[in-house]
Amino acid sequence: MLLDIALSLLEIIHQAPKKKTLQSEYKSFRWVKVSSKRTIAETRYRVTGLTEGNEYEFQVMAENAAGVGPPSAVSRLIKCREPVNPPSAPTVVKVTDTSKTSVSLEWTKPVFDGGMEIIGYIIEMCKADLGEWHKVNAETCIATKYTVTDLEAGEHYKFRVSAVNGAGKGESCEVPATIQATDRLSSPEIDIDANFKQTHIVRAGATIRLFIAFLGKPVPTATWSKADSDLSLRADIHITDSFSTLTVENCNRNDAGKYVFTVENVSGSKSITFTVKVLDTPGPPGPITFKDVTRGSITLMWDAPLLDGGARIHHYIVEKREASRRSWQVVSSKCTRQIFKVTDLAEENNEYEFRVKAKNDAGYSEPREAFSSVIIKEPQIEPTADLSGITRQLITCKARSTFTIDIPISGRPAPKVTWKLEEMRLKETDRVTIKTTKDRTTLIVKDSMRGDSGKYYLTLENTAGVKTFAVTVKL
């Protein structure tokens, strides 16, 4: 690089030796006249065409009409290089943390480095009420952060930072406000980086390892929890002031689920949930319930397993057995829904037991059995009566004659029959006869009297329901 150097009374240039050993060797170097197209009349001149990194000496001679005078004394050695200055001040100095005895500072590099590499920083402080600055760090701080220690609790301080290069110490940048040495309170924070995973998938028999880092002042209290589980029985939990780990060795499907990590201090709390999937056979399906119990068939329903083994449930296996037998019989090997109708059962009043198993990529679950036997019985039908044979549900007869109320009935099981005249329940007497079969009931009244007039009520009742019908008799 070619550089310019301005010197007073400059006329003759001489490239100095890099190392002078003998006076005779020094005198042997030749002085070179600085070329100029015009006479140098001023007492300063800019020399160009120099080589960066070389050292030069200069001397000046004056000239008038009588000739050239003797040279001036030789200048000091000058190395040709870029001009350098101390750096500018760091752009921002901020407080990142405080305690009763320390203050942590961070800052950004100066915009201008002075033309040389910055070799470090000087941190200074003073008590706010005194104003006497003194250096804090014995050695130059290389990083752009520093923690000042050994402070007086509760005292107020000022801080400033200066950058240093080969040309010296630059201007300082001061923290805008006074800082008190006191514990700083901050709510807990969970420290998540790019490698953080909330979902962990492990195979049965492997080890579950969960790690989480956290911050907060005062140091938060950290806890782990898992719904419906006592983690102390299965997990090894380690907690420090800044991170926590949870380890479960030789895991199984019961270790799958959601693990909640919580940190809490006086300023607040924070939680995060880890989802752990253990690749294992699924847990048993939910309880079996029954509906549509009919002669020769029954419909089973169940819930999906609480633990799917970390993989999708492909299908279910449904089995049955008669209560009097020990062996199970498969009635569906690939049921894809959580409902199945079992058919081809024996005649009514046989007892059966049922069980269901779930299947995923790892294999079959333990079966879920119907813990109580089910009796396959005939369907229940609500009772009813056919009054179509009685016109307008009205019977007219003469006194001292016999009248009959004959009504077809149905229902399963066969309904219980009750006859009433108005509010009085009828029973068989010399004059009253009641005949009932499973499909018909007949009421016969002999030697009818005026008191036999009124509304006769027929009530039919079975396990499926109760029905009442009315017939009016006029004498």
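Each residue, glycine too, has its Cβ placed from N, Cα and C.
In the predicted model, the domain 'Fibronectin type-III' (1-83) has a mean pLDDT of 71. Taken from TrEMBL, the feature domain 'Fibronectin type-III' covers 1-83 (among others).
Summarising the annotation, TrEMBL assigns domain 'Fibronectin type-III' to 86-185 (among others).
TrEMBL lists 188-273 (among others) with the feature domain 'Ig-like'. Under DSSP, residues within the domain 'Ig-like' (188-273) fall into helix, strand and coil as 7 helix, 50 strand, 29 coil.
Under the heading domain 'Fibronectin type-III', TrEMBL lists 284-379 (among others).
Residues of the domain 'Ig-like' (379-474) grouped by DSSP class, helix first, strand second and coil last, total 6 helix, 56 strand, 34 coil. Marked as domain 'Ig-like' by TrEMBL: 379-474 (among others).
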